[in-house]
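For reference, TrEMBL has these:
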- 593-728: domain 'Thioredoxin' (DOMAIN)
- 318-339: transmembrane segment (TRANSMEM)
- 360-383: transmembrane segment (TRANSMEM)
- 403-429: transmembrane segment (TRANSMEM)
- 441-464: transmembrane segment (TRANSMEM)
- 476-499: transmembrane segment (TRANSMEM)
- 520-536: transmembrane segment (TRANSMEM)
- 542-563: transmembrane segment (TRANSMEM)
- 575-593: transmembrane segment (TRANSMEM)
Amino acid sequence: MRLRVGIILSAVHLDCMRFKEFTRAVSFFCLAALSLQAEPVQSVHTTIDLVSDSSEIVPGQTFQLAVTFDMEPEWHIYWENPGASGLPPELDWKLPDGFEAGEIVWPAPERISLEGLVSYGFKDTATLVVPVVAPSDLEPGAEIPVRLDLSFLICKEICLPGDASLELTLRSGTTQKPSADSAVFERAREAQPGEEVPFEVTPIAMDEKTLTVEISGADLPESLYFYAAEASMLDPNADQPYTIADGTGRLSLPLDFAFFDQEPGKIKGVLRSPDQSWHAVVPVKSQSSRAASSAESAEVSVAASPGGLEQKLLDFGLLGWLLLAFVGGLILNVMPCVLPVLSLKVFSLLNHSGQSRSHALAHGIAYTLGVVASFILLAAVLFSLRALGESIGWGFQLQNPGFVLVLGLVFFLFGLNLLGVFEIGSGLVGADAKVAGRKDLFGSFGVGVLAAVVGAPCVGPFVGGVSGVALQTNTFTGLFIFAMLGFGMASPFLFLAIFPKLVAYLPKPGPWMETFKQSMGFLLLAALVFLLYLLGQLGGGAAITVMLVVLLVSAIAAWVYGRWAAPGKSFKSRIIARSITILLLVAGAFWGLRAIDAAYDNFTRGVAGAATEDGHWAPWSKEAVEQAIAEGKPVFVDFTATWCLICQVNKKTALRTDETHALFEEYDVVSLSADWTRRDAAITAELEKFGRSGVPLYLLYSPEGEVSVLPQNLTNGIIREAVEGLFED
């Protein structure tokens with residue numbers, strides 16, 4: 001009996017031991033399965049998950065990890081080349097020692113249009129696959145912790161930055177087995193481009209703007225689009241015309257402005273049809289053939305004048321752009337736009353004369369920082385507005401009547417101050433004059449800001465071409481170019497700060513400064529006359545009337561301030577006078593800005609379709625150019641603006657002269673004027689087409705339609721040589 005009971009107990013004990021081993025095995029496999037399931041992360045407008053294609057990682061072999069995005073409707077993320085805007089996702093892997101993560105295997109992208117900009121990316125869902133190689137000395141059964149720190153940009157009507165941290169614990173084994181997420185990788189492979197293009201891609205022509213390739217093979221698709229994998233190769237905003245004739249396709253690829261700086265021998269990317277995609281490499285036609293194809297159009301403009309120097313520097317690349325920006329900024333110091341603040345600069349130099357070199361250098365650096373920071377800020381505003389779809393370029397401020405009104409008001413108050421109508425005490429208006437008189441670094445920085453604000457709208461030599469380059473390159477490079485423009489403008493005063501002994505050659509302070517100060521006041525009023533004329537061009541007589549009313553109210557405010565807010569008056573008198581001054585200035589400016597907008601709108605409706613300033617010149621339009629060329633006539637186009645000083649000088653000395661009119665009549669040249677005084681999206685687009693962000697721009701079309709760009713500084717001789725060159729054998 002005891003033996004039987006012992007046998008039974010032993011059996012029960014053995015079964016219990018086996019059950020424990022079984023439960024341990026089940027627990028192990030359950031944990032192993034759970035280890036492959038990372039928790040999805042909810043980020044901004046998307047759910048993100050990290051998965052593996054293998055349930056066990058074999059030493060020395062390659063496995064795949066995948067990041068999946070499940071986005072809310074209409075939201076999208078970006079491809080490796082995001083196109084016109086955006087940023088691709090960035091993956092930062094934290095893997096155990098010996099593991100090596102490869103490059104992202106991207107799905108085929110799609111075009112996404114937002115506010116006039118075309119980007120490359122993915123909507124709804126996207127899976128980014130990354131191959132990983134395991135070390136050969138990996139021990140079986142070891143846990144493999146995987147961490148991914150992810151950052152990305154997700155956009156709809158707005159763009160939001162996102163980030164996520166995902167963790168996954170894998171296990172090593174002896175046999176690589178598919179995981180429960182193998183279907184994710186199967187769908188990812190279907191979305192990826194094929195490895196071999198079933199067509200032959202051959203370059204057949206290339207000019208300054210387009211690379212044309214021939215597509216040959218059987219069963220050509222009805223449409224094709226090529227996504228360049230690297231930015232700054234192709235222009236994503238331009239169309240890619242595709243035609244099929246006699247069984248051969250022809251695809252035109254629009255080249256990016258910076259393409260020729262890189263001189264690539266080939267362009268890698270993805271060729272996509274409506275239902276398939278392939279990795280593709282497009283050979284690039286030789287640079288010599290490009291030069292030959294563009295020689296005719298470049299010959300006239302380069303040979304005609306010194307404008308070829310500017311073009312050579314533009315063709316030189318980033319260093320050439322920066323040199324042009326520096327020289328252009330340097331020239332801004334002698335442009336009439338900046339003359340109104342010359343008094344502040346001179347007074348600042350005289351105030352710092354005789355001080356130590358370190359003191360002068362500190363103020364010179366502060367002034368330079370003020371100028372450069374203001375140029376960067378203005379350029380950033382310009383880039384932002386263009387990203388929102390605004391068709392504007394450098395100098396856009398002077399196309400705004402409100403800006404012109406405020407600038408005129410500032411000039412007027414400065415002028416009254418310099419003429420002695422009122423003196424700046426504790427400072428209400430003319431904050432620039434106040435900071436000019438202060439002997440601290442903030443004061444020098446403020447003078448730099450004022451100089452940049454007044455000088456930035458000037459479009460001097462070299463500024464038009466280099467600002468056009470800045471707006472067509474990436475944002476960082478563009479801001480760098482505009483910063484160099486500001487540095488060039490500030491450089492003379494920085495030079496004097498580095499060598500302060502040179503200031504000793506300026507006249508010593510004395511009674512003459514009061515006369516100089518008042519003469520500068522009249523110069524400011526002369527600048528105001530020009531702004532009144534410009535307002536008339538923008539808003540007609542009504543706009544001028546609005547400006548005069550605002551100036552009258554401001555004059556009363558300045559008189560009240562000077563009469564009853566002087567330091568010798570009682571405290572009560574000063575408080576009342578300052579309050580009245582503030583009330584008059586704020587009320588006048590508020591009314592003026594509203595009234596000037598109404599005058600602008602009314603004048604816009606009244607001048608729609610009106611003719612230009614004389615009978616020799618007709619309004620520009622693309623249709624007018626095409627019609628003249630169709631009739632076999634050469635065409636001269638003057639891109640101009642009332643506020644552009646170089647434009648007005650060229651009109652008086654070369655374009656609107658009897659000699660040029662007779663030349664145009666002799667050769668039957670159709671002369672067109674594209675007036676950019678007021679904002680015009682069509683003119684802005686045409687300027688950008690020729691790499692410019694502002695005026696002037698002068699184009700000469702041959703009867704065959706070939707176009708040449710003439711230099712910014714024109715003479716009768718330059719125009720004659722260019723026109724006669726069209727008819728030489």
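Placement of Cβ uses the backbone N, Cα and C atoms for every residue, glycine included.
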* Structure fact -> One stretch in 360-383, 520-536, 542-563, 575-593 has more Cβ pairs under 8 Å to the transmembrane segment (476-499) than the rest, namely 360-383
* To do: Let me know the model's mean pLDDT on the domain 'Thioredoxin' (593-728).
  => 82
* **Secondary structure tally of the domain 'Thioredoxin' (593-728) (DSSP, helix then strand then coil)** => 63 helix, 23 strand, 50 coil
